[in-house]
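Report on the following structure.
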Amino acid sequence: METHVYLVRHGETAWNRERRFQGHQDVPLSPAGLFQAERLAQRLKSETFDAVYSSDLKRAVQTAEIVARELALPVVTLKGLRERFMGEWEGLTQEEVAARFPDWPGRIVEGKNGIESLSALQERMMNQLEHLVGLHRGGRILAVSHGGSINAALAKVSRGRYGPGVTRLENASLTHLVYDHREEDWRVEKVNITEHLAV
């Protein structure tokens, strides 16, 4: 038995365009992000899902609500799908971080500046996803989350083939994962599906 999980990165925000670290800051979608979510909704409206889940942050909820409206499904919000907590970096641009913190540019240092570690993020995301596939055995679910969180999960399930520093996930992109209940293992079907965003 297999359960299909479609992970969506939320639509664009003004902070995405400004290259600001968002983390748990509750930033809404920009007009472009709302348009992207509408395009995604049109792409998915003919498909069948058992449930729509979303991070409880506004940019994800707005994306999920636009898609769920076309699917005639409610949105269930979950803190487990939130973006990585970026500590002291939240709200700063990459340039501002580079000026204030000597560890930038480069990899985020685990446990410094109040930033959630990659291992903690992976554990949070995988616990949430494994709970959801347990609820929807043999089904299809849609979960709207964030680039850092989806990439962390991808790194775990692909054993490093995809993930931070390897995979770029566009705003309003789809990533398709499958959980095999018999094997108790994941596989990656497709990453960063964006055909629906082409104008």
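Cβ atoms here come from the backbone N, Cα and C positions, even for glycine.
As written in TrEMBL, here are the features:
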type	residues	note
ACT_SITE	HIS10	active site, tele-phosphohistidine intermediate
ACT_SITE	GLU83	active site, proton donor/acceptor
BINDING	ARG9, HIS10, GLY11, GLU12, THR13, ALA14, TRP15, ASN16, ARG59	substrate binding site
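Scoring each of the recorded positions (ARG9, HIS10) by how many neighbouring Cβ atoms lie within 10 Å, the top position goes to HIS10.
In this view, ARG59 (substrate binding site) is surrounded by 29 other Cβ atoms within 10 Å of its Cβ, with every protein chain counted. ARG9 (substrate binding site) sits 10 Å from the residue listed as 'active site, proton donor/acceptor', taking the C-alpha atoms as the reference points.
Distance from the CA of HIS10 (active site, tele-phosphohistidine intermediate) to the CA of ARG59 (substrate binding site) is 6 Å. Sequence-distant neighbours of TRP15 (substrate binding site) (same chain, six or more apart, CB under 8 Å from its CB) are GLN22, GLN25, VAL27, listed in sequence order.
Taking only the Cα positions, the spacing between THR13 (substrate binding site) and GLU83 (active site, proton donor/acceptor) is 14 angstrom. Reduced to three states, the DSSP call for THR13 (substrate binding site) is strand. Here the CA atom of the residue listed as 'active site, proton donor/acceptor' lies 13 Å from the CA atom of GLY11 (substrate binding site).
Taking the Cα atom of each, the residue listed as 'active site, proton donor/acceptor' and the residue listed as 'active site, tele-phosphohistidine intermediate' are about 10 angstrom apart.
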